[in-house]
Amino acid sequence: MSSMIHSTTIALLSGGLDSATAAALAVEAGQKVIGLSFDYGQRHRKELQAADALAAHMGLSEHHVISVNLGSWGGSSLTDLTQTVPSEGVVDGVIPNTYVPGRNTVFIAIGLSLAEARNANQLVLGINAMDYSGYPDCRPDYLRAYQSLADLANKAGREGHGIKLWAPLIDWNKKQIVQEALRLGVPIDKTWSCYSGGDHACGICDSCRIRDAALSEAGRSDLCSKSTP
């Protein structure tokens, strides 16, 4: 979780506001940033289209989209169309059905592989405080444990210059992330946060509601709820 600056950074780019802001911080720091996105069997293509647009906007040197079909075995409303995406909000202490089993563990592992292949020293993640209340693989202790594993599991770590997992937004709420995105010039209109598919954001899923509240506080009018016909 180090914020140490290195010459090359791999950015896990989902297409959402959080990962876009994290990637933009690496770009601002003067890094050569390589984007990495995943087609993991999610409900829709909108977030991958957003990731591609964001990578182009930020001028990333490379943008890889890797197919890892976590939807093959379901286990989440984001990959299993027979499950309903909840609209009632997150219940404290309950992991929502939007949690995708093992998703971040798999994504970070592939990110570390790309980082080694490109001699990158850093992996930047958009994980933040709004995530780890519900998702076990978004918590600070998870990242610390993964960092220890990464230092043991790859050549760079064994040689004493391990690849750092950088989560610059880890203690931030969504309002702070929106404010930082605006400062960095992140094209918020190009990001996609909605859990559901369709031409327009649903405006009612938990992701849309959290995003809308933060955008509204920041004085923005481009709300998910207003994009719904």
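Note that Cβ sites are derived from N, Cα and C of the backbone, with glycine treated the same way.
It should be emphasised that the depicted structure is a prediction, and the values quoted were computed from it without experimental measurement.
Residues annotated as ATP binding site in Swiss-Prot, with sequence analysis given as evidence: Leu13, Ser14, Gly15, Gly16, Leu17, Asp18, Ser19, Ala20, Thr21, Ala22, Ala23. Around Thr21 (ATP binding site), the same-chain residues six or more apart in sequence whose CB sits under 8 Å from its CB are Gly126, Leu169, Ile177, Glu180, Ala181, Leu184, Val186, listed in sequence order.
In this structure, Cys205 (Zn(2+) binding site) belongs to neither helix nor strand by DSSP; it is coil. For Cys194, Cys202, Cys205, Cys208, the entry in Swiss-Prot reads Zn(2+) binding site.
For Gly15 (ATP binding site), the nearest of the binding-site residues Cys194, Cys202, Cys205, Cys208 in terms of C-alpha separation is Cys194.
The binding-site residues recorded for this entry are Leu13, Leu17, Ser19, and the Cα of Leu17 lies nearest to that of Cys208 (Zn(2+) binding site).
Taking all protein chains in view, 19 other C-beta atoms sit within 10 angstroms of the C-beta of Cys202 (Zn(2+) binding site).
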